[in-house]
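> Just dropping this structure here.
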Amino acid sequence: MPMSQPAAPPVLTVRYEGSERTFAAGHDVVVGRDLRADVRVAHPLISRAHLLLRFDQGRWVAIDNGSLNGLYLNNRRVPVVDIYDAQRVHIGNPDGPALDFEVGRHRGSAGRPPQTTSIRLPNLSAGAWPTDGPPQTGTLGSGQLQQLPPATTRIPAAPPSGPQPRYPTGGQQLWPPSGPQRAPQIYRPPTAAPPPAGARGGTEAGNLATSMMKILRPGRLTGELPPGAVRIGRANDNDIVIPEVLASRHHATLVPTPGGTEIRDNRSINGTFVNGARVDAALLHDGDVVTIGNIDLVFADGTLARREENLLETRVGGLDVRGVTWTIDGDKTLLDGISLTARPGMLTAVIGPSGAGKSTLARLVAGYTHPTDGTVTFEGHNVHAEYASLRSRIGMVPQDDVVHGQLTVKHALMYAAELRLPPDTTKDDRTQVVARVLEELEMSKHIDTRVDKLSGGQRKRASVALELLTGPSLLILDEPTSGLDPALDRQVMTMLRQLADAGRVVLVVTHSLTYLDVCDQVLLLAPGGKTAFCGPPTQIGPVMGTTNWADIFSTVADDPDAAKARYLARTGPTPPPPPVEQPAELGDPAHTSLFRQFSTIARRQLRLIVSDRGYFVFLALLPFIMGALSMSVPGDVGFGFPNPMGDAPNEPGQILVLLNVGAVFMGTALTIRDLIGERAIFRREQAVGLSTTAYLIAKVCVYTVLAVVQSAIVTVIVLVGKGGPTQGAVALSKPDLELFVDVAVTCVASAMLGLALSAIAKSNEQIMPLLVVAVMSQLVFSGGMIPVTGRVPLDQMSWVTPARWGFAASAATVDLIKLVPGPLTPKDSHWHHTASAWWFDMAMLVALSVIYVGFVRWKIRLKAC
């Protein structure tokens, strides 16, 4: 009789606000506000590691992890709760966030904190894949989760004695637990059976929004790969799986060769970097740092392992600004020997009077400009020498909102996710990332709200959400509270505090001084970029002698050199700045294919037009209005021969003038406000990978279609009301079709002119004057109302306007010279009723369109810093 197998421990399913996670026994489950928690509860009453769930002595228990606001059962605060099926507990207060438990019935995959192990690359001479064995478990370092009693210890009814586990403060990472002397390790949970296909979605263990790195169980090699090759990527069929939003599904391959281990990039979108340089293939040597997305892996002794954030050379993953000086024009110093250290979890405010270089420092730290002296390092990398590999780790939120106001929060973030995430991410992946980002920012309830209907603080959160899509670990904000009232100011600063508490380095440039107490440190700059103070906000009063900011700013502004001297006297002389490394090429931002970007921008542009109801109604009515105006021309012959002695001797010419001016006005009005209206948005998207070419082509195509539709409406109205051309077509088969082409191409060329004017404009206030000048000048240069042929310089100036060639093409189509002979019609060779004249007019319209688009492409190009 076969022996019965012991029953497997029951799994635990945790439900919170509609989300569901399932965990297997054997590992503590962390519930808290921290982004790295297994069950994240984004609530101000919840501690970073609030609650521990553990399977012990045949049952699941919930343990209060020394939280400030406690664990509640039946309205009573308790230290420990025995969990049973269908039980509910509250955390934070008796009416706080509710957790519902289900024990033993869920069949999906089980999430858990990962264990640690190294992956040793197989020896090429072996020629075979190594046999699977039990994963090696890394040792626990001090100050980490090992302080909790082991899982085999019975949980007492009273609060557990001794120190309880907490997430480390500062720069320590939640997992893997590590000590300063331990070799770098790679994360991999124990092998588990794959879940059913239908159960995968609800139990995903990784937090894509914060780019937590977990290496999952090894899979089998597929495809034709050399013996011993190791595949790296986001998909579960890789040997090393990185659930990192910037990693491609099959990102890179490690291949043993006679010369050593080689890493080969699999044409990934965001690239593979070795020691900060992007490579297609490279031989690895001990100590080489391989960067994939936001993850650093170290190659040592034939082993690929994650780089430890707490090693000395990596500066605990923080930001180090050392002796940074920036001088322009040879002798004008904007930043003067600034030094600053910010660890993960720290919120740093940069303040100072106008002209102190606050925004300049932010741009320099973000890598947009490089220092004259000194260095900026982040997570062990020189920002300016290795910028290409760090670009995705740095999120920059400019002062202007970078979210389209006409879109809902969901649509804005989904389009941004399409542009920023690798092309092999599915819609479900992007939806999950967006949902988690909004949850972190407490914006989930506003997901279907139009951005322009949000409050100022909520709009700033939406701008921050765009940056969090790719999981940056350094977030820089320039004047996020500008123009906000005190209540919204507090909301924004509280949000920044929470973002820092999640383990990021947050640097905020601000003029608002009311809520600096939420910051960990304050950097006060004097004019000329000189440091006047750097330290906790509680020390400002004792050090500066007053807490009156007006007096402080006045003092440092009156004598910046003295302010810096007093600072150095307090802190001691700063060490000499390290030598400046040669700035590397910025490299092209990682971007998806042109077609994918084109598709995304085109779909977004259409939604923007339709969502702006007032603008959309105006565009829809405009062709009907212009068509009706054309009907106001007196006479009843249309494009026939008018009576020279009648009331309308130039009826055909007047109809063409109104058609031509209507086409010019429709096209220019269609696009003139487009580029200036989203310039800040485009600049940020361009910096993170949006192709200027794809962006411009998408807009050209969308507006071309709209211009053609508008032209069709106008032309049909005129043809119905006045009749079609009577002299036959000169180039196309039908004169009515040819007249439509005349109007449509003129409208399209005018739309391209509108884009050019929008690229030139400095502000939205300049749009209306530019539109008026453009339309009125082309009314003159068309030649239909005021003769320009042979008149210097009107004739020459008219050659660069669409109206000149649009009117000439339509005049050639209807044979205006024949219909209205004599002094009313100038002898213009471009109006002749011949195919050569018509094709020349069309060619000029197309050429002008290309010139306008080329100018716009040059104007909005990505400029090197």
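Cβ coordinates come from backbone N, Cα and C, glycine included.
Remember, predicted model here, so these are calculated numbers, not experimental data.
Look at Swiss-Prot and you will find 29-78 tagged as domain 'FHA 1', backed by sequence analysis. What Swiss-Prot lists as phosphothreonine is Thr152, Thr210, and the listing cites experimental evidence. Swiss-Prot lists 157-166 with the feature compositional bias 'Pro residues'. For 230-279, the entry in Swiss-Prot reads domain 'FHA 2'. For 319-552, the entry in Swiss-Prot reads domain 'ABC transporter', with the evidence type sequence analysis. According to Swiss-Prot, the feature ATP binding site maps to Gly352, Pro353, Ser354, Gly355, Ala356, Gly357, Lys358, Ser359. The domain 'ABC transmembrane type-2' annotation in Swiss-Prot covers 596-810. Under the heading transmembrane segment, Swiss-Prot lists 614-634, 652-672, 700-720, 740-760, 767-787, 836-856.
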> Other than Gly352, Pro353, Ser354, Gly355, Ala356, Gly357, Lys358, Ser359, which residues of the same chain sit close to ATP? List them in sequence order, counting a residue when its Cβ is within 8 Å of the Cβ centroid of the site.
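Other same-chain residues with Cβ inside the cutoff are Thr360, Leu525, Pro527, Gly529.
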> Using a cut-off of under 8 Å between C-beta atoms, tell me which stretch among 614-634, 652-672, 700-720, 740-760, 767-787 contacts the transmembrane segment (836-856) the most.
740-760
> Can you tell me which parts of the same chain pack against the transmembrane segment (614-634), counting only residues 6+ beyond its ends and a CB-CB cutoff under 8 A?
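Distal contacts: 647-648, 651, 654-655, 658-659, 662, 665-666, 669-670, 706, 709-711, 713-714, 716-718, 721-722.
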> Look over the recorded stretches 230-279, 319-552, 596-810 and say which has the most C-beta pairs under 8 A to the domain 'FHA 1' (29-78).
319-552
> In three-state terms from DSSP, label Ser359 (ATP binding site) for me.
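In three-state terms, Ser359 (ATP binding site) counts as helix.
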> Around Ser354 (ATP binding site), how many other CB atoms lie within 10 A of its CB?
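Around the Cβ of Ser354 (ATP binding site), 9 other Cβ atoms lie within 10 Å.
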> Under 8 Å Cβ to Cβ from Gly352 (ATP binding site), same chain, six or more residues apart: give me those in sequence order, or none if nothing qualifies.
Lys358, Leu524, Leu525, Ala526, Pro527, Ala532, Phe553, Val556
> Who are the long-range neighbours of the transmembrane segment (700-720) in its own chain, taking Cβ under 8 Å and residues 6 or more past its ends?
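For the transmembrane segment (700-720), the far contacts come to 598, 602, 605-606, 609, 619, 622-624, 626-628, 630-631, 655, 659, 662-663, 666-667, 670-671, 674, 736, 739-740, 743-744, 746-748, 750-752, 755, 853.
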> Same chain only, please: residues at least 6 beyond the ends of the transmembrane segment (652-672) with a C-beta under 8 Å from a C-beta of the stretch. Say none if there are none.
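Distal contacts: 619, 622-623, 626-627, 629-630, 632-633, 637-640, 642, 699, 703, 706-707, 710-711, 714-715, 718, 722, 743-744, 746-755, 757-758, 761, 767, 770-771, 774-775, 778-779, 782, 784-785, 802-803, 806-807, 810-811, 814, 816, 819-820, 824-825.
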> Per-residue pLDDT averaged over the domain 'FHA 2' (230-279) comes to what?
84
> Restricting to the same chain and to sequence separations of six or more, state which residues have a Cβ under 8 Å from that of Pro353 (ATP binding site).
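Same-chain residues close to Pro353 (ATP binding site) (Cβ under 8 Å, separated by 6 or more) are Ala526, Pro527, Phe553, Val556, Ala557.
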> With DSSP assignments reduced to helix, strand and coil, which class does Gly352 (ATP binding site) get?
coil
> List every residue in the same chain as Gly355 (ATP binding site), at least 6 positions away in sequence, whose Cβ is under 8 Å from its Cβ.
Pro527, Gly528
> In the domain 'FHA 2' (230-279), how many residues does DSSP call helix, how many strand, and how many coil?
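Result for the domain 'FHA 2' (230-279), in helix, strand, coil order: 0 helix, 24 strand, 26 coil.
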> What is the three-state DSSP composition of the domain 'FHA 1' (29-78), stated as helix, strand and coil residue counts?
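Once the DSSP states are binned, the domain 'FHA 1' (29-78) shows 0 helix, 24 strand, 26 coil.
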> Ranked by the number of other Cβ atoms within 10 Å of their own Cβ, which of the binding-site residues Ala356, Gly357, Ser359 ranks first?
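Result of the Cβ crowding comparison: Ala356.
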